[in-house]
């Protein structure tokens, strides 16, 4: 991804969150408010250089901030929000692009019929989404900035409607199915559900009437490596791939330059590209979208957010997350049994979560067996009178055993910094799980208390499993809606679940910074209630 990121304009929006001492400002000059760069500081370098929108807190990059003293500030903010979350369309570049009746209909007809006699008109079928349908982004009206998890625009927490585009099939489409060559790529690491999404993209494309569908092997690398040939896809090929974990197409990090990728797309005749990946991959997809527009290519680039860490902005959850939390229960339960069965037993489980501790938090909450949960968003001390190890000693003395669950990105400030990068440009993290295991043994040896420590890292076991039922449904709908969005003429978008509804968002808005656990959120408070742990500061 490093080569991709060089082609994408740098810039990070500053997210604002409210806690008891913090009010979300959106850069309003009439207020003097603290502002924090929520997990932007944890961003991988490649993603940081890839983010394309300079600011989400002003009308535009050149306009003045909203002034709360203006009686019309709310309507101005709503207009600004609508402008930022408008989704790019083929007609932005090709105003004369022809809209034809949709070939997607669930009435009885062959899903792969040829449309030589013209396109059917299914206007009487009421299964289409109107282009003006919207989904509400925020559903809680906070009465005070001191409310747990409050996200406010002004000190009074005024209610401001924020609407985004509803996903689904449109009555008119902008691509003729017989002229479409669709390509699918999976980038980054493995994640439960990849095959489910691939499967339903292919099946939905065939229902529209597309016959030329290919998979690009091993992510963006497949566009440039001459030894890798594209894989023809059809319903027959993908019929049972969801029964296995991994990716039919393979995954990889990094890849060629944006220009090389678009050159390859032109050469292959690809005019629909479906990109499955996380923040860095989406930044690359947006750069491809921009390059296609620059070249006046009629191409739809649609992303499907894939991150097991659940750190994609605005979305309820991303596919693979539920499966990861469920599978993590096995590791936590094993750690509990080992700890509970040993004299002064301590079980340590390290779970995924580079910048965001959602898996560790939710898995701890679900298991009910975790005594200490450590995540990247919440600072802590290992040593000292209020440190983790002091509390661990208390647990051993009172309970006789303990279970610790840590996210991989936790405690990085306690480890020696490295300048190593992976192929995506992400900083290679120190192994905090091993570190806390070693420090625990050292500490209890110093205080002359015998302990039995068991360390479990189930990361690669979790990544490789097939999606559970919950994720299977999510993957199915995401795959279908990705195809609907492409045929509707949208490009530079991604699809996600927002407040239980499916919506399209511009890629630029979801890659501004990774979503992270709010330490003042109700969910983190629930986790603390479950573990009973104190503040380790």
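Glycine is treated like the rest: Cβ placed from N, Cα and C.
Some features that TrEMBL has for this protein:
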- 309: active site, proton acceptor (ACT_SITE)
- 189, 253, 254, 278, 279, 280, 281: ATP binding site (BINDING)
- 279: Mg(2+) binding site (BINDING)
- 307, 308, 309, 352, 353, 354, 408, 460, 461, 462, 463: substrate binding site (BINDING)
- 182-484: domain 'Phosphofructokinase' (DOMAIN)
- 280: site 'Important for substrate specificity' (SITE)
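Taking the features listed in TrEMBL, we show where each one sits on the structure.
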residue	record	Cβ contacts under 8 Å, 6 or more apart
189	ATP binding site	251, 253, 308, 463
307	substrate binding site	188, 191, 278, 279, 318, 320, 321
309	active site, proton acceptor	278, 321, 352, 353, 354, 355, 356, 358, 359, 514
408	substrate binding site	350, 351, 352, 353, 354, 429, 432, 433, 459
### Query
Do you know offhand how many angstrom separate residue 461 (substrate binding site) and residue 281 (ATP binding site) by C-alpha?
23
#### Entry: Count of other CB atoms lying within 10 Å of the CB belonging to residue 461 (substrate binding site)
14
### Cβ neighbours of residue 279 (ATP binding site) where a neighbour is any other Cβ within 10 Å
31
### Message
If I take every residue in the domain 'Phosphofructokinase' (182-484) and average their pLDDT values, what number comes out?
### Response
95
### Message
Taking only the residues the record lists as binding ATP, namely 189, 253, 254, 278, 279, 280, 281, what is the largest Cα to Cα distance between any two of them, in Å to the nearest whole number?
### Response
13
## Note on the structure
Row residue 353 (substrate binding site), column other C-beta within 10 angstroms, all chains, value 27
### Message
Between 254, 278, 280, which of the binding-site residues has its C-beta surrounded by the fewest other C-beta atoms within 10 Å?
### Response
254
